[in-house]
Amino acid sequence: MYSNAAIFLCKAGAYAVTGSSAMLAEAVHSVADIVNQGLLHVGINSSAKAPDAKYNYGYRRERFVWSLISAVGVFFMGSGVSVMHGVHNIMHPAPLEHIWVGLGVLAASAAIDSYSLHVAYEALKTNARAKGMTLDEFVRSGHDPTSVAVVAEDAAAVAGCAIASAALMATQHFGSSVFDAAGSIAVGGLLGTTAMYLINSNRLLLLGRSLGPEKMRRITDAVRADPVVEEVYRAKSEELGPGTYRFVAEIEFSGSRVVERYLDQGDGAKREQLHGVFRSAVEEGAGSGDPRALDAALKLYGEEVVTAVGDEVDRIEKAIVRVEPSIHYVDLETN
C-alpha cells in the first residue's frame with residue numbers, strides 16, 4: 001500500500017508536469033489500487049471472525065464481499081475516470097510537455113509493479129501447491145480470491161504502464177496528443193476488463209457454489225458403499241467461504257444392518273445383554289401376566305437402536321470429511 005502511495009505521488013506529479021491523459025489514468029489506477037488493497041485487508045480481517053449466534057456458519061463470505069466491492073471500485077474509479085478523461089482530451093486536445101519525465105516515472109512504476117506481481121504470483125503458486133492443485137485449478141476453485149485479485153491488479157498495473165508509455169512515445173513521435181488520449185482510454189479498458197473478471201468471479205462465489213459433479217459423485221459413491229446405507233437422496237453442497245463447504249443429504253439406512261452392527265458391539269456382548277433382558281422380561285410377563293416388563297425391554301431396545309442410528313450418522317459424517325476435507329459442516333437426515 002505504501003509503495004502504491006509513493007507511485008501515485010510520482011504519477012500525479014508527472015501528470016502535473018506533462019498534462020498527459022495517459023499519466024492521469026495511471027495516477028487514478030494507483031489510487032484505485034490503494035483503495036482496493038485497503039478493502040481487501042478489511043475483507044481478510046472480517047472473514048476471520050468466529051461463528052456466533054447471528055451467523056452460525058461464520059463470516060467467511062466476507063472475503064468474497066469485499067473482493068467484489070474492490071472490483072467494483074476498480075471498474076468505476078479506475079476504468080470510468082480514465083475513459084471519460086481520454087474521450088474529453090480527444091474532443092479537446094492539448095499539447096504535452098516534458099514527456100520524458102512521464103516516461104521515466106512509468107518505467108520506475110513498471111519495475112516496482114513487476115516485482116510486486118512476481119511476489120504475488122509466486123505466493124499464489126505456493127498456495128496452489130499446498131492444496132495439491134495446478135495454478136489454474138486453484139484460481140478457479142476460489143480458495144483465495146484476495147490473492148487472485150492482487151495478482152490481477154498487479155498484472156493490470158504493469159500492462160497499464162506499458163500502454164501509457166507506448167501512448168507517450170507515440171505522442172512524442174507523431175506530435176499528436178490523440179495518441180495520449182487513446183492511451184488513457186486503453187488503460188481504462190484494461191481496468192474495466194480486469195474489474196469485470198473479478199466481479200464475475202466473486203459473484204459466482206457469493207452465490208454459494210457446489211463442490212462440483214465429480215467431487216459430489218465421489219462423496220455419494222463412498223456413502224452408498226457403506227454397509228448400513230441403502231441409498232443417498234438429495235445430496236447438496238454449498239461453499240460457505242474460500243475452500244470451506246457444507247454438505248447436506250438424506251440417507252436411507254438398512255435397518256437390519258444397523259441393528260446387526262449394533263448387536264455385534266463388544267464381540268457380541270451387546271447381543272447377549274439384550275437377549276438376557278428380553279428373556280427376563282418374557283419370563284416375568286409369563287409368570288405374572290403383567291406386560292410392563294416386556295414394554296420396558298422394548299423401550300430399552302428402541303432407545304438403543306436410536307442411539308445406534310445416531311452413532312452411524314456420526315461415523316458417516318466423519319467418513320465424508322475424510323473423502324473431501326474441504327467440507328467443514330455435514331448435515332445428514334434419515335429418509
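Just so you know, glycine gets a Cβ as well, placed from its N, Cα and C.
What TrEMBL says about a protein is an automatic prediction, not a curated fact.
Annotated features, as they stand in TrEMBL:
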{"type": "DOMAIN", "residues": "3-207", "note": "domain 'Cation efflux protein transmembrane'"}
{"type": "TRANSMEM", "residues": "64-87", "note": "transmembrane segment"}
{"type": "TRANSMEM", "residues": "99-121", "note": "transmembrane segment"}
{"type": "TRANSMEM", "residues": "148-169", "note": "transmembrane segment"}
{"type": "TRANSMEM", "residues": "181-199", "note": "transmembrane segment"}
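Ranking 64-87, 99-121, 181-199 by CB pairs under 8 A with the transmembrane segment (148-169) puts 99-121 at the top. With a threshold of 8 Å between CB atoms, the same-chain residues lying at least 6 positions outside the transmembrane segment (64-87) that come near it are 21-22, 24-25, 28-29, 31-32, 35-36, 39-40, 42-43, 46, 142, 145-146, 149, 153, 181-189, 191-192, 194-196, 198-199, 202-203, 205-206, 241-242.
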